[in-house]
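Take a look at the structure below.
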Amino acid sequence: MKWSEISIHTTEEAVEAVSHILHEAGASGVAIEDPAELTKEREQQYGEIYALNPDEYPAEGVLIKAYFPQTDSLHETIAGVKSSIDVLPSYDIEIGTGNITVNEVNEEDWATAWKKYYHPVQISDTFTIVPTWEEYTPSSPEEKIIELDPGMAFGTGTHPTTTMCIRALEKTVQPGDTIIDVGTGSGVLSIAAAKLGASSVQAYDLDPVAVESAEMNVRLNKTDDVVSVGQNSLLEGIEGPVDLIVANLLAEIILLFPEDAARVVKSGGLFITSGIIAAKEKVISEALEKAGFTIEEVLRMEDWVAIIARNA
C-alpha cells in the first residue's frame, strides 16, 4: 500500500491542536519535529539520555508529519485539515506559516519512520517515558517507568505542558487520593497519578480515538485497576467530590469549566491546569480565582505555564 506523508509547518503553541486535527482526520501516525527538543532543559537537569540529529529538525517553528493511506478521498481529507488549521487563529492560537506539503512513502518506510522521533526521556525526578518498542533499564529502584505507544496518542509525555503536569502531580498526589483527568489524551497523566499512589483515577476525553489510546496505555502500564477511562465532555454530568483534578488543555478550553471544577473538587482540594501559554496566564488565574480557587504555585517551562490552585 502507498501512503502519503502530510507535513505541516507550524508553531510550538499549535502543536497539540494541529496533532489533534490530524488524528481526527484519520492519521495512522504522527511525528513532531521540534528543534526545541535539541536543547531541552531536562538535558541539563537530568543528563542527556539519547542523541538527536539536528539535520532532521526545522531551523525554526515545528514540523508535524502525519501518515495517511492513499485513497480517492485524500484530497478532501487534506482540504479539511487545512480548513481546521486555518480556524485556530480565531482561538488566539498562532499557527505560523501553516504550510502543508505532501510526499508519497512506501508502507515499510512509514511504519518505522515516525518511531525515530520517540526515545526514552527522563522528565522528572521520578518518571521516565519509554516508547513500547524501546529497551530501557531503570537507573534506580525509585525511578518509575511509563510506557507509551504514541502511534495513536495525543502527546508523548514530553511536551512542556505534560512534563509540568507530571511534576505538579509529584508535588501534590497523596496515597489514596481520588483524581479526575480531564482531556486525558494518551492517558499519561492518569498513569502517572496511579503510579504515585492514587486510589482512583477517572480519565475522560471527548474524542473516542483518545479514549481508545488511553485505555491501551493504561492496560500497558498495568494501572487499569486504578484508572477508568471514559468518553465525556469536560466535567459535564460528573459528580464529586474528588481530591484533585488535572487538565492539560488549551487555555480556551480551560476557561470553559472553572466553576465545574470548583463544584467537583472537594473543599481544600486541588486543580492542576496546563496547556497555557505564558501570555494567557493572567486570564486563567483570574478565572480560577473568580471560581473560588487560590493560586498556590505556578510552574514555568519555555513559553508555557502550569497552575496549581486550591479550592475554597
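Here the Cβ of each residue, glycine as well, is placed from N, Cα and C on the backbone.
Between the candidates Gly183, Gly187, Gly268, Gly269, Swiss-Prot assigns the S-adenosyl-L-methionine site shared with Thr162, Asp205, Asn248 to Gly183.
In three-state terms derived from DSSP, Gly183 (S-adenosyl-L-methionine binding site) belongs to neither a helical nor a strand segment and is classed as coil.
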